Amino acid sequence: MSPPIESHSESDSARFKRQAAEHAVEAIQPGMVVGLGSGSTAAFVVRRLAELRTEGRLRDVVGVPTSRATEALALSLGVPLTTLEERPVLDLAIDGADEVDPRLGLIKGGGGALLREKIVAQASRRLLIVVDEAKLSPRLGTRWPVPVDVLPFGWRSQVLFLEGLGARVTRREGPDGSPFLTDQGHFVLDCAWGPLDAPEALAERLAARAGLVEHGLFLGLTSELVVAGTRGIEVRRPG
Ligand SMILES: O=C(CO)[C@H](O)[C@H](O)COP(=O)(O)O
């Protein structure tokens, strides 16, 4: 059976991610402190930054990684890193997303790094989001559940709370079937609400609940979206 017309092969998707990432890296200026996101698109950012260093450019740029995986990748490629303790205000952060709505609201957390990602995003003067066009969505929740980072303590109570808000809740598991643990040792509850009419109201409800450490709705944080697809690269800003 042939694939749906709008679907992309794996290599198209990877190419678009790389193109968006490499375009965004052009925003990095010498001397900047840059938040480095997590996931396959953000990995292209780290790789491009490493290439530019090899070419002798942007050698004084330092990164703040949003996950252990990004930290390991950056270190393996010789990209210097710092911490928010040393540099609490970042010039720029570049990160991927799972779903992007027309107002540039995001769902993030497909890799489970949403807590550090949001901390880094809020510590940055500018947040550049890099995606392939398959991430664009008319309404958040259409394509992706909202990941919620919860403390293991009391997690079943959180499931009931989230179900009470209308979600179908799945505790994320690792490949061996044991609970997925974030870099902070938390669980992730993937909450399927379907397309969200009022993501801001939901975000407020989630933020008010003790034990829900953070949620994957990133609203009003995106400074620029770089989206790559069959029609090339497009940069969007919040309207
Ligand atoms: O939020 C994230 C990780 O927590 C990632 O940015 C998101 O999952 C996108 O991943 P990818 O670039 O691999 O498609």
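Heads up, the Cβ atoms here are built off N, Cα and C, so glycines get one too.
Taken straight from TrEMBL:
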- GLU117: active site, proton acceptor (ACT_SITE)
- SER38, GLY39, SER40, THR41, ASP95, GLY96, ALA97, ASP98, LYS108, GLY109, GLY110, GLY111, LYS135: substrate binding site (BINDING)
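Everything TrEMBL records as a feature, shown here on the structure.
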| residue | record | DSSP class |
| --- | --- | --- |
| SER38 | substrate binding site | coil |
| ASP95 | substrate binding site | strand |
| LYS108 | substrate binding site | coil |
| GLU117 | active site, proton acceptor | helix |
| LYS135 | substrate binding site | helix |
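Checking each of the binding-site residues (SER40, GLY110, LYS135) against GLU117 (active site, proton acceptor), the C-alpha distance stays within 10 Å for none of them.
Checked against ligand 1, the binding-site residues SER38, SER40, LYS135 give SER38, SER40 as the ones with a Cβ under 6 Å from it, listed in sequence order. A simple way to gauge crowding: the CB of LYS135 (substrate binding site) has 25 other CB atoms within 10 angstroms, across all the protein chains here.
Cβ packing within 10 Å was compared across the binding-site residues SER38, SER40, and the lowest neighbour count falls to SER40. Largest Cα-Cα distance over the residues recorded as binding substrate, namely SER38, GLY39, SER40, THR41, ASP95, GLY96, ALA97, ASP98, LYS108, GLY109, GLY110, GLY111, LYS135, equals 15 Å.
On its own chain, ALA97 (substrate binding site) has LEU106, ILE107, LYS108, ILE129, VAL131, LYS135, PHE218 as residues at least 6 apart in sequence with a Cβ closer than 8 Å to its own Cβ. Other than the site residues SER38, GLY39, SER40, THR41, ASP95, GLY96, ALA97, ASP98, LYS108, GLY109, GLY110, GLY111, LYS135, same-chain residues with C-beta atoms no more than 8 angstroms from the centre of those residues' C-beta atoms, the substrate site, are GLY37, ALA42, ALA113, GLU117.
It is GLY110, among the recorded positions LYS108, GLY110, GLU117, whose Cβ has the fewest other Cβ atoms within 10 Å in the structure shown. Long-range C-beta contacts of ASP95 (substrate binding site), restricted to its own chain and to partners at least six residues apart, with a cutoff below 8 Å, comprise GLY35, LEU36, GLY37, SER38, GLY39, ALA42, THR66, LYS108, GLU117, VAL120, ALA121, LEU127, LEU128, ILE129, VAL130.
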